[in-house]
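The structure appears below as structure tokens.
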């Protein structure tokens, strides 16, 4: 794979250099237009027409080269087809395997061609943005609208994939036929939903989806885990991933994610009652709920680092800590100790091993299953979020056994302690540790892990400028246009994971920082809504614990349906940036509607405002993480300080501050609790909307 990456960078990039968009020329033309406008007040119409003509020529060059390369691929497939017919008659197993590899090589060439198209498409976007910024004209709207639907527009040809689909179809059918000759009698036509698909075909389809901005629910949901994929493994690497993969171990990781979310939200309906039964204020529920998040800030880092060396040991340790934490939480009632209650929740936070599960999916799940595993991780977390309050609703009993109290306050602790004990036994007996040498230092063997990231680095972070400009010109270009993509990583840097949180932060572009701010904002707003729900509804509506639990469970159940709607429909109709901004505005509206001002606070007002806030925040989270998965540096896909850890820390810190706000607001009295806690949410939301507007055009 190293050789493949070097060929892509050194050989074909040089051969294709003349066919890339001439970014240097286009940048120079923009400078000339600026000078002409300042000196002679050059007419707007002349500038638009002249630059359109030059850009048309550049795009035409790309399209004609693309057609030429597709023709060469078609010719090669035709020759392979003739060889296929002969070898099928001979039934020579070794030659059939060689033919399979030849078809995969054609697929790799097609993938390189798609990378070429994507790089140029990003180049066109960058030069349009630069023109609008430097000249002050809305050239992008004019150019795209005038060329988007014209039948002879070369711009349309870049995004038409008739030739690509034909090549993919030919490769898929022939690979399936070759599998038939090995005794696996399947057909892509008789079984259109056949799950067995060659990794190269999946990589091509992903590249096409990126170009067309199309997506489906599985890929949309899978990206929420921020597990950044490698684009193209070698056969040896894919074989190694298959050897590391163990279905039961994966299921145990998903079960860990599910149980942890249940553990997080099962106490929310009863936290205020528990605090009051121990002689504390009801608003101390913020500290009780938030203490778990405080510990998680630190546990996420050491678990992420531990997963560089092992998966089984941190998961076992996590289970033991959570078992102890929930036991302490339950015993606090009989010991009448609020401190024991808080310590129990701190222990629960110290057992957060979500980072380990993410790393297991990244390192030990084969590429063709990785997106499904990522979607499973997110689905398990969402299901746990809904099940937590639902389980609490069922625990309405009160009895003593061996002088230990079992009631609605303590049963969540005992139930979760039992669940973690059973999980610990399953881990001990069925989990299979992957070979240590494969995951040492968080890296797979370097000889096989470079190419995908090189390719991903080329296209995921925008144009790799040294292909288009010299290093000096690239630096100058970045200084002139700070809001453009500025993550320029060499092939050697791309394969190295970052070694500190500071290094990880330096890799974040301004738009990514804004997206992390948005993630912080939505988690803050959701935590305020969920954590204070029992206190607010008891004060204003005298709701019972069961009512609160049912309400929270219903909110949690909206997560997957909302993601299905966004992932399957909205994200294919609207730009993700548009959905992002609209969702932020809806979150802001939900927060505003939640305030108690003048008129009596009613159940319809609370339920409607909570539903708007929660659903809009869920839409916002999905779209934001989907953008983050494409915008983050590929170096953040491995190592301790990865993209998943950064997003987890942002969300966890938001929960810490939100729960602290609830506890501090208790000093102003219950009558002011709602408005006092909503004010910071409103300010942070407005600030994130302003930041989004400033970086809107630079978002992927």
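Cβ coordinates are placed from backbone N, Cα and C, and glycine is handled just like the others.
Caution: TrEMBL annotation is automatic and unverified by curators.
Listed ranges 212-230, 231-249, 250-268; the one TrEMBL annotates as transmembrane segment is 250-268.
Per TrEMBL, the listed range annotated as transmembrane segment is 315-332 (candidates: 315-332, 441-458, 459-476). Looking at 579-603, 629-653, the range annotated in TrEMBL as transmembrane segment turns out to be 579-603. From the options 411-431, 495-515, the stretch TrEMBL describes as transmembrane segment is 411-431. Remark: the transmembrane segment (673-697) contacts the transmembrane segment (579-603), by the rule of 3 or more CB pairs under 8 A. Only residues 6 or more beyond the boundaries of the transmembrane segment (377-399), in the same chain, are considered here, and those with a CB under 8 A from a CB of the stretch are 221-222, 224-225, 227, 253-255, 257-270, 354, 357-358, 361, 405-408, 411-412, 415, 545-546, 548-553, 555-557, 559-560, 563. Remark: the transmembrane segment (609-628) makes no contact with the transmembrane segment (315-332), by the rule of 3 or more CB pairs under 8 A. The transmembrane segment (280-303) shares the most Cβ pairs under 8 Å with 338-356, out of the stretches 250-268, 338-356, 516-542, 579-603. Listed by sequence, the residues of this chain that lie at least six past the ends of the transmembrane segment (516-542) yet keep a Cβ under 8 A from its Cβ atoms are 265, 268-273, 282-283, 285-286, 289-290, 508, 548, 551-552, 555, 580, 584, 587, 590-591, 594, 596, 601, 603, 606, 610, 613-614, 617, 620-621, 624-625, 628, 646-647, 650-651, 653-655, 657-659, 661-662, 670, 673-674, 677-678, 680-681, 684-685, 687-688, 691-692. Between the transmembrane segment (338-356) and the stretches 250-268, 411-431, 548-567, 579-603, the greatest number of Cβ pairs separated by less than 8 Å involves 250-268.
Within the model, the domain 'SPX' (2-145) carries an average pLDDT of 74.
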